[in-house]
Amino acid sequence: MKTKTSIFQFIVASVLTLLINDSSAATPPPPISNSSTSCNKTCGGISIPFPFGIGGKDCYLNGWYEVICNTTTSDSNTTVPLLSMINREVVNISLPDSNEPYGLVQIKGPVTSLGCSSNTSEGPQNSLPVLNVTGKGSPYFLTDENRLVAVGCGIKALMTDTESEILGCESSCEHRKSGEEVTNLICTGYRCCQARLPVGRPQAITVNIENSSGGEETCKVAFLTDKRYSPSNVTEPEQFHNNGYVVLELGWYFATSNSRFKSLLGCTNMSRKGSGFSDDNCSCEYDYFSGMSYRNCYCDYGYTGNPYLRGGCVDTDSCEGNHNCGEDAHCVNMPGPMSMCRPNPKITKPTKPPVLQGILIGLSGLVFFVGLFWLFKLIKKRRNINRSKKFFKRNGGLLLKQQLTTKDGNVEMSKIFSSKELRKATDNFSIDRVLGQGGQGTVYKGMLVDGSIVAVKRSKVVDEDKMEEFINEIVLLSQINHRNIVKLLGCCLETEVPILVYEYIPNGDLFKRLHDESDDYTMTWEVRLRIAIEIAGALTYMHSAASFPIFHRDIKTTNILLDEKYRAKVSDFGTSRSVTLDQTHLTTLVAGTFGYMDPEYFLSSQYTHKSDVYSFGVVLVELITGEKPLSRVRSEEGRGLATHFLEAMKENRVIDIIDIRIKDESKLEQVMAVAKLARKCLNRKGKNRPNMKEVSNELERIRSSPEDLDVRTENEDEEEDQPMAINNKR
């Protein structure tokens with residue numbers, strides 16, 4: 001009897017030992033060289049996790065992640081970490097995790113000042129390059145947590161990048177007019193002001209300061225920062241100036257093309273499709289963010305550490321803290337988040353034969369681990385569902401459903417797509433499906449389950465404070481039904497940023513057809529005149545025929561698409577705004593494209609329907625001359641295409657600047673008539689410009705009655721026609 005008992009105990013112990021050893025047999029390989037003692041892990045009290053590193057080339061992934069530990073000039077015992085490639089002092093580094101699609105680096109940025117005490121010796125520092133993170137392989141970008149902040153009295157702060165995009169704000173210390181509210185919660189223009197970064201996320205930033213009209217000669221500062229200021233907590237400008245820096249935030253990620261990054265990790269989920277678990281206890285996801293594909297890795301549930309180090313994810317002890325094993329058993333830690341209770345050794349009388357006991361225990365262990373695997377899959381699926389619900393609610397999905405159901409009989413006018421449906425339509429947002437990228441987002445070509453071809457626009461960022469306004473714009477744009485306006489078919493709100501679905505336009509944009517010398521399609525004068533008439537008709541509809549007037553705010557040839565018959569389609573309503581029937585203008589932060597921007601709007605920040613007329617006038621000049629709105633030669637002279645054209649009109653030499661491709665075959669009377677109309681659209685004062693309906697009617701008359709046209713080019717209202725120059729040289 002004792003012999004049988006001993007055999008049974010031996011079998012039980014052997015089976016349990018094999019099960020535990022099997023699950024942990026694959027011991028992680030030794031860490032990569034970043035864990036070497038020659039690589040410093042901290043500098044100046046700041047932790048430097050891999051892929052960042054200090055020391056030899058094996059201590060960091062590549063040059064973009066190299067950190068140099070320098071001693072300060074004031075104290076040789078104090079060290080500070082610097083990012084080598086962009087030469088900025090590091091304040092903090094954090095790794096990506098399952099809740100964030102990218103890592104974060106906080107750095108010290110400069111303060112641009114004007115009229116401060118120390119400026120007298122070195123001259124005013126009213127224009128400083130704040131940051132440049134461009135370059136081949138750069139993983140950095142400015143996050144949308146950053147703001148342009150200006151502090152002082154009578155200050156106008158502007159931010160520019162290499163693509164001449166601009167935003168700015170103005171601060172004053174004058175008392176507000178009666179009825180205007182002053183808030184102490186945010187900087188809205190009293191003592192300080194702030195502006196969000198443009199959705200294009202510029203990578204090379206310069207901050208400029210100017211004295212606004214009537215501004216005092218006092219200290220003024222401007223800077224880019226991820227901190228929030230208000231009139232109640234902002235300090236005096238001199239304190240910012242004397243401090244010499246502010247903190248701003250960079251995001252970073254791993255590009256999918258980084259082959260060295262792939263080879264370093266033991267995580268199995270490194271393909272664009274599929275998922276799984278790895279021997280190194282880490283998982284990686286493929287995703288697409290802000291126009292770039294990236295990998296995001298994290299330790300599996302039950303493990304902790306750095307997933308970017310080989311063997312960096314280590315098992316957490318699940319037996320630590322409370323467990324329910326009781327007095328007759330003890331807790332045994334299992335790999336991952338699990339633990340088991342093992343009975344304390346004692347002599348028991350077996351109720352079943354020893355061999356059968358071993359088989360049952362082995363089968364139980366097998367069922368346990370199979371169940372554990374499916375439990376992990378279920379948890380992951382549930383987490384994705386909860387994230388989709390969270391994004392749907394945050395992005396205004398409930399509000400959109402309410403808006404659609406309140407439209408009498410028009411519920412079908414705009415469809416709400418699921419993220420799964422759009423991932424399937426675009427092959428999981430494959431790079432091969434990209435049609436183009438712009439300031440508002442990336443556009444993919446997709447095919448829905450019914451076989452229809454659509455354009456799927458994945459936005460880069462949406463202001464959460466204006467989500468209700470964004471939803472109202474979706475409902476409004478979905479009601480637009482015009483043959484020369486790209487139709488909005490629906491949207492998806494289950495992702496981090498909303499996705500819009502438009503009808504697919506196959507022949508690209510007007511800019512490429514006009515300026516790409518390799519394009520084999522000939523843009524004759526008849527085609528150009530027809531396109532101008534179609535654009536004018538679409539804008540007339542938006543201004544007056546729609547249920548609510550809509551100002552486009554970004555009319556340019558890259559936003560004019562051409563369908564299979566080369567008919568014009570107005571697109572890109574990312575900056576459009578609707579107004580009530582009795583509104584005459586919108587007061588907004590200055591945003592637009594240089595070369596097309598209304599000078600009156602640039603100075604007053606008040607956008608009217610006549611501002612769209614000015615931009616359309618620039619498009620007319622492009623169609624006539626075949627020249628780009630901005631060129632290197634004219635930029636050096638401080639002139640855009642509009643100024644160049646009006647000078648030619650004034651000197652009666654318009655014929656000299658007509659596009660050589662249409663000069664011989666075009667009807668000169670029609671070209672000159674359109675040129676005269678363009679001059680009216682480019683009038684310096686908005687009130688002297690025609691409205692879009694008048695422009696549309698005039699273009700129709702020019703096409704239908706060429707024999708009745710007056711082709712004289714005498715100067716009329718020369719002083720009124722001359723536009724105010726917008727100097728884009730900083």
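The backbone N, Cα and C atoms fix where each Cβ goes, and this holds for glycine too.
Neighbour density for C284 (disulfide bond): within 10 A of its CB lie 21 other CB atoms from the protein chains shown. Residues annotated as disulfide bond in Swiss-Prot: C284-C297 (among others).
Counting only same-chain residues at least 6 apart in sequence, those with a Cβ under 8 Å from the Cβ of C319 (disulfide bond) are C331, V332, N333, S339. DSSP assigns C319 (disulfide bond) to coil in the three-state reduction, placing it in neither a helix nor a strand. Per Swiss-Prot, disulfide bond is recorded for C319-C331 (among others), and the stated evidence type is similarity to another entry.
Residues near C325 (disulfide bond) in space but far in sequence (CB under 8 A, at least 6 apart, same chain), listed by position: C331, C341. Under the three-state DSSP scheme, C325 (disulfide bond) falls in the coil class. Residues annotated as disulfide bond in Swiss-Prot: C325-C341 (among others).
Taken from Swiss-Prot, the feature N-linked glycosylation site applies to N34 (among others), supported by sequence analysis.
Non-local neighbourhood of N40 (N-linked glycosylation site): I48, I54, G55, C59, C69, each in the same chain, at least six residues away, with C-beta under 8 Å from its C-beta. In the three-state DSSP assignment, the secondary structure recorded for N40 (N-linked glycosylation site) is strand. The N-linked glycosylation site annotation in Swiss-Prot covers N40 (among others).
Residues or ranges marked as N-linked glycosylation site in Swiss-Prot (evidence: sequence analysis): N70 (among others). The Cβ neighbour count for N70 (N-linked glycosylation site), using a 10 Å radius and every protein chain shown, is 14.
Annotation note: N77 (N-linked glycosylation site) sits in a coil segment as assigned by DSSP. Around N77 (N-linked glycosylation site), the C-beta neighbours below 8 angstroms that are at least 6 residues distant in the chain are T71. Per Swiss-Prot, N-linked glycosylation site is recorded for N77 (among others), and the stated evidence type is sequence analysis.
Listed in sequence order, I46, L104, V105, Q106 are the same-chain residues at least 6 apart in sequence whose CB falls under 8 Å from the CB of N92 (N-linked glycosylation site). Here Swiss-Prot flags N92 (among others) as N-linked glycosylation site, drawing on sequence analysis.
Summarising the annotation, Swiss-Prot assigns N-linked glycosylation site to N119 (among others).
What Swiss-Prot lists as N-linked glycosylation site is N132 (among others). Within the same chain, residues at least 6 positions away in sequence whose Cβ sits under 8 Å from that of N132 (N-linked glycosylation site) are I86, Q203, A204, I205.
Residues or ranges marked as N-linked glycosylation site in Swiss-Prot: N211 (among others). Shown in sequence order, L114, G154, I155, K156, E217, K220 are the residues of the chain, 6+ apart in sequence, with a C-beta less than 8 angstroms from the C-beta of N211 (N-linked glycosylation site).
Counting every protein chain shown, the number of other Cβ atoms lying within 10 Å of the Cβ of N233 (N-linked glycosylation site) is 11. Per Swiss-Prot, N-linked glycosylation site is recorded for N233 (among others).
Feature annotation from Swiss-Prot assigns N-linked glycosylation site to N269 (among others).
For N281 (N-linked glycosylation site), the Cβ neighbour count at a 10 Å cut-off comes to 25, with all displayed protein chains included. Annotation source Swiss-Prot lists N-linked glycosylation site at N281 (among others).
Residues or ranges marked as phosphothreonine in Swiss-Prot: T588 (among others).
Reduced to three states, the DSSP call for T593 (phosphothreonine) is coil. Positions annotated as phosphothreonine by Swiss-Prot, on the basis of similarity to another entry: T593 (among others).
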Site with most surrounding Cβ atoms, counting all protein chains shown within 10 Å, from the disulfide-bonded residues C297, C331, C341: C297
Per-residue pLDDT averaged over the topological domain 'Extracellular' (26-358), given as an integer: 77
Inter-residue C-alpha distance, C297 (disulfide bond) and N233 (N-linked glycosylation site) (nearest angstrom): 39
Spatial separation of N70 (N-linked glycosylation site) from C284 (disulfide bond) - C-alpha basis, Å: 34
